[in-house]
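Engineer: Below you'll find the structure I mean.
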Amino acid sequence: MSYCVNCGVELDKTCSVCPLCNTKVINPNQPVDTVSPKPYPVDKGYVDSGIRKETAILMAVCLAATAVVCGLLNLFFITFSHWSFYVIGTCIVLWIFCLPIFFPTKAVFRITLLLDGLGIAMYFGIIAWLHPGNGWYTAIALPLIILGTLAVFFFAISMGHPRSSILSQAVILVAEIGIYSVCVELLTRRYYAVPMALSWSAIVLTCAIIIDVTLVTILLRSRLREEVRRRMHI
Amino acid sequence: MKTINKTIKHTPKKQHKTWYKLDLSANVYPTLQRRNFSNVFRLSVVLKEEIDPDTLQRAVDLTLPRFPAFKVALHKGIFWRYLEPNDHPGPFVMPDIINPCMPMLFKSNNRYLIRIYYYRCRISLEVFHSLSDGSGALKLLKTITAVYLRLKGHEISNTCGVLDINEPPRPEEMEDAYIKYASSRVKRPRSQGKAYRIRGHREPFYTLNIIHGLLSVQEVLQKARSYHVTLTEYLNAVLLYALLEKQKADHVFREHPVALALPVNLRNIFPSDTLRNFIAMVYPSVDPRMGDYTFEEIITHVHNYMRFYINDKFLNADITTNASTQQSPLIRIVPLFVKDIVVKQFYIRVQDKQSTAGLTNLGVIDVPEEMREFVDYFDVLMGQPFSLRTNCAVGSFGDTLSINFTSTIIETDVERFFFRKLVQEGLHVKIETNRDMNRSEF
C-alpha cells in the first residue's frame, strides 16, 4: 500500500497521484497497479434526451402547418397582398433558431449559427422583395448580416477552443466590436454616397484597440495573468 | 391526518387512478431542476462477490411493486406537481458510469425517477429527492440486495429495514409525515444569514468529482468519545474546521460565518414509517469574525448547537413553517409556474446562500444477520451540489466508515483540509477517487 507523503492518507493501489494534493506516488516497493480495475468505472453517462426529438417533431409540424395554412389562405381567400410570406419566413426563422434546443451538440450549435444568419438574411430578403427600395438590402443589410454572422461564428469557435479563457474571449469580442462598427460606418457612408471616412467608429475602434492591447499584455505576462485570474477568480 | 392518496373515479368501467401529493420537501426539488442539475442522491452497497446483472434485474422487478413510493412518475398540475404510479417497463439496471447522479429528466428513462447501476461488486441506487430521503431509499436498496441474495440461493430474513416483498404496501409508508407532525404554534424564521461560499473553477457539464475516504468506525468513535461528542458531531466539527481553513487560504476580502447544511432524520424524533421525505435541516455554524476558533472550541460549539436545536420542539417549529406555507389558501391558488419562479429565486437568494457545504450522515446501517457476511460496506453520495460547493455524505456499516465528498469544482481544498485533519488526529484514512488526475488543470 502507498501513502501520500504530504497528506498521510493511504491511496488506492491504482492511484498514480494523490487525489487531494496531486503528489505523485513513487513507491519502489509497490509500483502503481495499472492492471487491476479502478474503484470507479471509466464510462461516462449522458442524459437521455429522447423527448427533445418528439418536441422537435411537434414544433416542426406546428410551424409547417402555420406556414402552409397561411400560404393557402393568402392564395385563395385573403389575396390583397403577399402577407403570408412574412408568416412563412417567420416560421422558417423560428425553426432554425430552435435547432440548438432540440439537438444540443456543439457541432450543431455552430452550424445553426450560420443557418441563423442565413435565416435572417432570407427574412430581410422577403421584406426587400415585397418593398423594393433603393437597394438597401444588397448595399447595407446583406453585408452587415454576413459580417455579424461571421463575427458570432468565430466567437463561438473561440469559446469552444480548449485553451480559450475569459480573457482571450474578451479580446476577440472587443476586436470584433471595433471592426464591426467600422464596417457599419463605411457601408452606411457608401450607401448614402458620402465621402469614405471614419468618425464615430474611429472612437469605438480606438477604445477597442486600447482594451485589446491591455488584455493581450495581461495574457502574455503569466504573473499578471495569474494575478488577474486570482483576484477576479476567472 | 390528511388524506394523501386520492382516488379519482372516471367511469365505473375504468380502473381507479391513484395519485400522490408531493410532500413538503419534495415540492421544492423539481423547481430547482435545470438542464445540468437535478436533486439526485445515490446509495450503494458493495458486496463481496461480483454482481450478476440479470439476477439484479429480476430482484428489482420483484422488489419495486412493494415500494409504490418509488414506482412513480412526476406530473405537472395547474397548481402543484403530483406523482402517479408508473406502469412503464423498467427501471432497467445499467452498467455504472464515472459521473453518477446525472440530471434526471422527468420524461426520460420511461418516466422513472430512480436508476439502478452495477459495477463489479457494487449495486448503486440513484433516487430523485422528491420521492424519498436517504432513510427511505436505504430500505429499498436493502430489500433489492436481500432479494438479489435470495435469488442467488441465500436465506435472508425480513428484518433490519428489509421489507417483505410478498406483503402489500402499508399506507403509513406513503404518508406525508410533515403534515402529520407539524403542530407548533410558532413558526421559526427561514433565513439563517449568509454563509461563506466556496470559490472554485467549475467542471464541465457531466462531471461529478468524488473523493471517497474509508475509515475504521471504532477508531473514529474512540476519537469522538475522547472529545465527549458523538461521531456526527465530531465529523461536523472536522468539516467546519476544514471550511475555516479554506476561507483563510482564500484570503477573502470579507469573512463570513462557515455553516453546514445538515439534514436531520425526523424518524428518530417523531415515530413514522414513511418511505417518503421526512427530514429537516439544521445549520451548525462557526463565525470566524468573532475570533479564531481552536478545533476543541469548534467541537464544543457544534456539540452545544446540536443539543440545543435537535429536539422535537425546534424541529416541529421548523416543519410547521414549511407546512403553513404549503397550506396557505393564498399560495395554493397561485399557478405552478409562478410558484416555480418564486421558490427558485428564494432558494438561490436565501436558502442556498446560508450554508457553505452540505453534510449528511446516514448513521449506522444495519442489515439482517444472514446478509452481513455478503456485504462489504455501504456508500452514500449526496449528488451534484446546486451551486459551486462541496457536499459530504457519511455512512457506516460494520467497522467501515465511508465518507464521500462530491463536487463540481476542480479544486480539492476542502477535501484535503478535511482528510489531513483526520490524519493529524491519528486516524487511518484510505482514499479512492473517480477524478482523472492526469489532467492539465491539476
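A Cβ is built for glycine as well, from the same backbone N, Cα and C atoms used for every other residue.
Annotations in TrEMBL come from automatic prediction, not curation.
Pulled these from TrEMBL:
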type: TRANSMEM; residues: A:56-77; note: transmembrane segment
type: TRANSMEM; residues: A:83-104; note: transmembrane segment
type: TRANSMEM; residues: A:111-130; note: transmembrane segment
type: TRANSMEM; residues: A:136-158; note: transmembrane segment
type: TRANSMEM; residues: A:170-192; note: transmembrane segment
type: TRANSMEM; residues: A:198-220; note: transmembrane segment
Engineer: Using a cut-off of under 8 Å between C-beta atoms, tell me which stretch among A:83-104, A:170-192, A:198-220 contacts the transmembrane segment (A:111-130) the most.
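Structural biologist: It is A:83-104, which has the most Cβ pairs under 8 Å.
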Engineer: Using a Cβ distance cut-off of under 8 Å, indicate which of A:83-104, A:136-158, A:198-220 has the most pairs with the transmembrane segment (A:170-192).
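Structural biologist: Stretch with the highest Cβ contact count: A:198-220.
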Engineer: May I ask for the residues of the chain that lie six or more residues beyond the transmembrane segment (A:56-77) and have a Cβ under 8 Å from a Cβ within it?
Structural biologist: 83-84, 87-88, 91-92, 94-95, 98, 102-103
